[in-house]
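Asks: In case it's useful when we look at the structure, here is the feature table from TrEMBL:
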{"type": "TRANSMEM", "residues": "29-48", "note": "transmembrane segment"}
{"type": "TRANSMEM", "residues": "55-75", "note": "transmembrane segment"}
{"type": "TRANSMEM", "residues": "87-105", "note": "transmembrane segment"}
{"type": "TRANSMEM", "residues": "117-134", "note": "transmembrane segment"}
{"type": "TRANSMEM", "residues": "140-156", "note": "transmembrane segment"}
{"type": "TRANSMEM", "residues": "168-185", "note": "transmembrane segment"}
{"type": "TRANSMEM", "residues": "205-224", "note": "transmembrane segment"}
Amino acid sequence: MDSGCWGAQGRVLQTLPGRCLWKGFLGEFSNVTFFIFGPLMMFLMYPYAQKRSRCIYITWILFMVIGLFSMYFHMTLSLLGQLLDEIAILWLLASSYSIWMPRCYFPTFLGENRPRFTCLVLITTVVSTFLSFLRPVINAYALNSIAVHILYIVFQEYKKTNNKELRHIMEVSVVLWAFALTSWISDRLLCSFWQWINFFYLHSIWHVLISITFPYGMVTMALVDARYEMPGHTLKVRYWPRDTWPVGLPYVEVRDDKNC
C-alpha cells in the first residue's frame, strides 16, 4: 500500500530521481508514528487486554512491523519491501478480524464458533499471502477493498446503538480513514500533478493519518465487541494524555458493572 508515485511493483520512476529520493526520505520519517503509537497503545490498553484477550498484543506488534517494513520499502524502493509491507497489513487485518469480529457476522456455516472462524481467517490469510506474489500491483487495491466490509459492520453497529460515545468514535474513525484514503488515492493517481507543484508530502500525510486511524478503529471495535463478548463490563473511552484536550489518543477503561 506504499507504492504511491513509484509505480507498479514498487519500482521507482526513472524521472525526477532527486524528488523521488526526497519523497522516500519523507516516507521513512513519517513512519515514526507507528513506533510511537504502538508501544503507547500496548501500555494504555493493558487492563483491557487482561480482561478480553492477550492476543490483542499481536495486533500492536504487527502495527509496528508495518512501520518497520514500510520504512524498509522507502529506503530500498524494492518489490520485496513493498510485499513485506503489504503482507504485514494483511496479517494485521486478519488478526483484528479474528479477535473483534462480532459473532453475528460470522458466515452461517460456522454458526457463532469463534475458533472455527479464526481457522477460516487463518487459512484465507495464508492463501492470500501466497497470491500476493502473483500480481503485486493489485495488492494495495485488494487491501483497501477490505475497508468496505469493515465500513459495513461499523454502519450496522452504528444503527444498533444509541450510545453517544460509541457513535462519536465511530464517526471520527470513518472521517480519519476517509482523509487517509483520499491522500493515498490522490498520491497514487495524481502523482505528476503533485510533482509539478513540488508537493511531496501527501504520501507522508497518508502514513500519519492511517497510523492515527488504527487506534481509533481498534477502540471502535473494542467497544462493539464488548457488547457481545464482555457482559458484566462497561468500557469507557479515555484519551491520552488528557480527556480534556481537544486531540488525543483513544483507549478504553474497563469497569466492572457490579462495582458501579
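Placement of Cβ uses the backbone N, Cα and C atoms for every residue, glycine included.
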Asks: Should anything in the same chain at least six residues away from the transmembrane segment (55-75) have a Cβ under 8 Å from its Cβ atoms, list it; otherwise answer none.
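Replies: For the transmembrane segment (55-75), the sequence-distant neighbours (Cβ-Cβ under 8 Å, at least 6 residues beyond its ends) are 2, 10, 24-25, 27-28, 31-35, 37-39, 41-42, 45, 48-49, 81-82, 84-85, 88-89, 91-92, 95-96, 98-99, 207, 211, 214, 218.
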Asks: Can you name the far-off residues of the same chain, 6+ from the ends of the transmembrane segment (117-134), with a Cβ under 8 Å from a Cβ of it?
Replies: 83, 86-87, 90-91, 94, 97-98, 101, 103, 106-107, 110
Asks: Counting a contact as 3 or more Cβ pairs under 8 Å, with residues at least 6 apart in sequence, do the transmembrane segment (87-105) and the transmembrane segment (140-156) touch?
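Replies: Counting Cβ pairs under 8 Å (6 or more apart in sequence), the transmembrane segment (87-105) reaches the transmembrane segment (140-156), since there are 3 or more.
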Asks: Sort out the residues at least 6 away from either end of the transmembrane segment (140-156), same chain, that have Cβ-Cβ distances under 8 Å to it, and list them.
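Replies: Distant Cβ neighbours of the transmembrane segment (140-156) are 1-3, 86, 89-90, 93, 101-102, 105, 170, 173-174, 177, 181, 184, 188, 217, 220, 224.
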